[in-house]
Structures are given as C-alpha cells and as structure tokens.
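Taken from Swiss-Prot as is:
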{"type": "SIGNAL", "residues": "1-25", "note": "signal peptide"}
{"type": "DISULFID", "residues": "C47-C79", "note": "disulfide bond"}
{"type": "CARBOHYD", "residues": "N50", "note": "N-linked glycosylation site"}
{"type": "CARBOHYD", "residues": "N88", "note": "N-linked glycosylation site"}
{"type": "CARBOHYD", "residues": "N94", "note": "N-linked glycosylation site"}
{"type": "CARBOHYD", "residues": "N124", "note": "N-linked glycosylation site"}
{"type": "DISULFID", "residues": "C127-C157", "note": "disulfide bond"}
{"type": "ACT_SITE", "residues": "D155", "note": "active site, nucleophile"}
{"type": "CARBOHYD", "residues": "N204", "note": "N-linked glycosylation site"}
{"type": "ACT_SITE", "residues": "D213", "note": "active site, proton donor"}
{"type": "DOMAIN", "residues": "413-534", "note": "domain 'Ricin B-type lectin'"}
{"type": "DISULFID", "residues": "C430-C443", "note": "disulfide bond"}
{"type": "CARBOHYD", "residues": "N444", "note": "N-linked glycosylation site"}
{"type": "DISULFID", "residues": "C468-C481", "note": "disulfide bond"}
Amino acid sequence: MRLITRWIPLANALASTMPVQVVASIENPSLLPTPPMGFNNWARFMCDLNETLFVETTDAMASNGLLEAGYNRINLDDCWMNYDRAENGSLEWNVTKFPRGLPWLGQYVKSKGFNFGIYEDSGNLTCGGYPGSEGYEEIDAEIFAAWGIDYLKLDGCNVYPKEGRTLQEEYKYLYGNWHEILSKMQQPLIFSESAPAYFSMTDNLTDWHTVMDWVPEYGELARHSVDILVYSGEGSAWDSIMTNYKFNTLVARYQRPGYYNDPDFLIADHPGLSLDEKRSQFALWASFSAPLIISAHIPDLSSEDLEYLTNQALIAVDQDPLAQQATLASRDGSLDVLTRNLADGSRLVTILNHGSESIETDISLDILGLSTDCTYKAQDLWGGSTQTIKDAIRIKLNTHATAVYKIDTDEKCSQVIPTGLIFNTASGKCLTGTSSSVGSESCNGSKSQIWQIDASGVIRTLSEQSKCLTADGKAISLQECSENNGQKWSYAITGNLKNADTGYCLTNGGGVSACGFETNSQVFGLPAGVHVAL
C-alpha cells in the first residue's frame with residue numbers, strides 16, 4: 001500500500017485566502033496554554049515502533065487512568081517512514097510497520113480521546129537516516145494536516161550551514177521557516193523544537209544561549225539539551241535525569257505561558273531506576289511545569305508507577321496557568337531547594353536529595369521568600385497531609401527522593417519576595433556576598449548565597465539584609481541600602497544582570513564589566529518571579 005500521494009490544496013491545509021499574521025508562539029499562548037502530557041515511543045523503543053505498539057498504548061492509557069489524568073497525546077518518533085519519498089515528494093509511512101496507515105492510526109487515537117503527533121527533522125535526513133524536511137517543508141506540512149496530525153516534533157540532525165550563514169543561523173532559518181508555515185495553517189500544529197540540544201554540549205555556550213533566545217518565538221516547547229538515557233542505553237539512568245534536570249535549571253527565564261522548556265521524557269519503567277528516583281523525576285518535571293511525556297511500555301506499568309504518574313496534586317502544579325518554572329532557592333552538596341509561585345497565590349517548595357545518604361533537616365521559610373513572622377499551612381503533595389508551619393519545614397528524605405509542599409498564604413502574609421540563588425549558568429558558581437567581599441563560590445547553602453530581589457531591582461542577601469548589592473565603577477560590594485542607581489539592577493532574557501548606574505553587567509568571579517553578547521561569564525540564573533526584560 002502506498003501513502004497518500006496527492007497533496008491537498010495549499011489553501012485547505014495552510015491559511016485561507018485571507019491574510020494571516022505570523023506571530024510568535026509566546027504571543028499566542030492559547031495554542032498551548034499548559035505544557036503537553038502524553039506518550040512518545042523513543043526513549044523506550046527507539047526505532048522498534050509499529051501500529052500494534054501505538055494501538056495497545058492508546059488502549060492502555062484510555063483504561064488505566066493516564067488519559068483521565070491528562071495524558072492526552074500520542075506521539076510517534078523517528079523511523080516511522082520509508083527511506084525514500086514518493087515520486088511527487090511526499091513522505092510515505094512504512095507499510096510493514098503501519099499496515100493500515102497513519103491516517104487510520106490518527107483516527108483511532110482520536111476516537112479514544114487523544115491527540116496525534118509525529119516526528120520529522122529540519123535537516124536533509126532524520127537522525128535515523130530517513131528523509132528530512134529540508135526543502136520539503138510546505139509539502140510535509142500539507143501531508144501532516146491531511147493525516148490529522150496536530151503536534152510536530154522537529155529534530156535537528158544533519159543540518160549543514162549554507163553559504164553566508166553560521167550553523168546557528170542555519171538552524172534559525174530552518175526553524176523560522178517551519179514556524180511561518182505552521183502559523184499559516186488553519187489548525188496550527190503544536191511545534192516542538194530540538195534546535196537548542198545541538199548547541200548544549202560545548203564549552204562556549206554563546207550559540208546555545210542565542211538559540212534559546214529565539215526558540216520561544218517559533219514554537220511551544222524546546223528540547224534544550226542531551227537526550228535522556230534510552231531503555232537499552234549504557235550508563236546511569238539517574239545521572240541522565242540529573243543532567244537534564246540541571247540543564248533545565250539554567251533556562252528558567254525563558255519559560256512563560258505558551259512556551260515550555262523540555263528536559264525530555266519521563267522514563268517511568270527504566271530498570272536502572274529506584275521508585276524514589278522515578279518519583280523524583282516526575283516531581284521535578286512537574287515543579288518545572290515541563291512537558292510530561294512518558295516513554296515506557298504503558299501496558300506493563302506497575303501500579304506504583306501509575307500511582308505517582310497520576311498524582312493529581314502534582315499534575316495540577318505542572319498544569320498551573322502561571323507556568324512559572326521552579327528555580328533554585330538553595331543548593332549544597334546534598335540538597336537542592338526550589339521554589340515558585342502558583343496561580344492561586346500559594347507558594348511551591350520542592351526539595352531534592354541528590355546526595356548519597358538519607359537526610360533529615362529543616363528548610364527555613366525565609367529562603368522561600370516567605371516571612372518567618374507568619375504561620376502557614378503546608379500540604380504534602382505526595383501524601384496529601386497538611387501541617388502548620390512558622391519558621392521552617394522539617395523534611396526527611398531518602399537518597400534521590402524529592403519532597404513537594406504547597407504553602408498557602410493568607411492576606412496578612414501574602415507577600416512573596418523573589419528569593420534564591422544568583423548563579424553563573426556556565427560555571428555553576430553562586431554569587432556570594434559578605435561585608436568584606438562579593439564574589440563567586442561553589443554553592444554551599446549558606447544565606448550569604450541566597451538573595452532577595454525586590455520590584456525596583458534592589459538586591460540583598462539574607463545574611464545581611466540591611467546591605468544591598470552595589471556597583472561602583474567595575475567593583476561590586478555590599479553597602480548600606482540607599483536605593484541609588486548603583487544599587488538597582490535589571491535582568492534580561494539573555495541572562496544579563498545589568499547595573500542601572502554603570503550600564504555594566506555582572507560578571508562571574510566578581511565585579512561588573514562591559515556587557516557582551518551571550519558570553520559565558522555574564523549569563524546568570526535568578527529566582528522565579530524576578531521581572532525578565534524581553
């Protein structure tokens with residue numbers, strides 16, 4: 001059986017005859033107001049995909065509670081197609097793998113209440129060596145529309161710069177072209193971009209930062225770094241999760257409703273993971289408001305796996321309409337503490353034990369941006385129990401386990417000040433302020449590394465709250481707060497922290513210097529809630 005080889009008319013698949021304005025995805029958050037949830041075959045099955053797998057997965061998700069919990073997307077990955085295009089240039093599915101065809105499969109998936117997604121590549125070949133979309137973008141968009149596809153994952157293998165363009169510029173051209181085509185469709189596809197991943201593993205991260213700057217303008221989500229470990233892969237699955245987790249902490253400033261940072265799939269049945277580690281991946285991804293795309297053998301998921309994957313309290317966090325990504329409030333050799341706001345006015349705190357031993361400790365409320373003069377209700381989002389807290393939350397965690405609490409505030413104690421680490425994303429070093437010096441040090445969890453940033457851009461440490469981060473020439477120090485321009489800072493989407501008086505940017509190691517373009521030493525992560533200038 002051959003594919004549909006007669007293209008549908010361009011006016012039917014793309015925009016109508018009326019002009020359509022091409023807008024950035026972040027300007028149209030209604031296309032994907034919350035991060036996607038669903039299934040993708042890649043990390044579990046790679047190229048071993050077929051119709052039976054997707055039918056059985058669809059049936060299982062419809063009956064085991066995953067669809068009801070919100071996992072409503074069924075997405076194919078690489079290797080679904082033939083090695084050659086049809087004579088008219090259109091893609092053809094592999095009839096051995098999909099004997100009834102992708103239009104039939106799409107109809108089946110949708111009859112069960114799911115959306116249907118597909119994979120292509122922006123280069124001349126996919127990562128598996130199948131036909132890429134370069135030069136065929138409009139043809140492929142038309143055929144995807146004809147098949148009922150509503151989600152496109154566009155990979156970035158086999159991209160080579162044309163004359164006059166750098167590699168980064170070539171990716172921008174290809175993904176920008178796809179954005180224009182998809183934006184003109186009567187029913188635009190959700191656009192998942194993989195471009196940043198191809199720039200994430202270099203020492204000089206300027207191109208990676210640059211790609212991250214433009215992907216929110218073109219699509220609804222972007223894979224920012226390396227692939228998560230596949231089921232048959234060698235190495236530590238936990239280390240792989242931690243690698244992608246750490247990359248995600250570097251890019252929080254980009255996320256907003258309509259665009260989501262994607263740290264890759266939930267590997268829920270990987271044999272190398274303990275239950276605590278699986279639960280941690282889910283809790284961290286939910287705290288990030290990251291895509292929750294499961295790559296596992298769904299029919300064989302255990303009751304324990306299904307229990308955490310369908311945790312409604314954590315799914316509600318993931319799907320919170322603010323879409324604010326949790327950021328680091330504190331980090332040391334064992335614990336990461338992350339915080340964010342939720343749309344109902346509550347505060348989320350997520351505590352990860354990434355160390356090798358169990359730990360029991362108190363998490364002080366002031367590092368969460370909350371007042372220690374107030375009393376709060378804290379709900380454990382794993383078990384559902386609620387406790388009254390005043391100064392701190394007492395936590396006890398196994399190695400590689402994660403706790404998540406939702407802290408309710410009342411009118412008297414509703415003020416939350418963005419609080420947490422200011423860290424250089426290239427070195428991982430934390431800005432550290434004492435009365436004698438301000439510089440960059442390894443993150444150690446001390447309050448001299450935990451900063452509060454108010455709405456006017458004034459920055460102070462928790463350890464010395466009467467003193468503010470001050471620029472004088474190219475030097476920085478803590479000085480008594482006076483709210484002069486030397487103590488006011490602005491944070492840009494590029495990651496630059498710029499002083500209002502000098503016009504210089506904070507630079508790793510201490511001090512300020514002339515602002516460069518996406519230079520490693522001047523890109524910083526700041527707490528969620530700080531205003532980001534676009």
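Sequential numbering from 1, following the chain as shown.
Using N, Cα and C of the backbone, Cβ positions are placed for all residues, glycine too.
In this structure the C-alpha atoms belonging to C481 (disulfide bond) and C430 (disulfide bond) are separated by 22 Å. Neighbour density for N124 (N-linked glycosylation site): within 10 A of its CB lie 15 other CB atoms from the protein chains shown. For the domain 'Ricin B-type lectin' (413-534), the mean pLDDT of the prediction comes to 96. For the glycosylation sites N50, N88, N94, N204, the greatest number of Cβ atoms within 10 Å around a candidate Cβ is found at N94. The most densely surrounded of the disulfide-bonded residues C157, C430, C443, C481 is C430 (count of other Cβ atoms within 10 A of its Cβ). All chains included, 20 other C-beta atoms sit within 10 angstroms of the C-beta of C127 (disulfide bond). Separation of the C-alpha atoms of N50 (N-linked glycosylation site) and C127 (disulfide bond): 18 Å, rounded to the nearest whole number. Taking all protein chains in view, 25 other C-beta atoms sit within 10 angstroms of the C-beta of D155 (active site, nucleophile). Distance noted between the C-alpha atoms of N88 (N-linked glycosylation site) and C47 (disulfide bond) is 26 Å. Comparing C-alpha positions, C127 (disulfide bond) sits nearest to D155 among the recorded positions C47, D155, C430.
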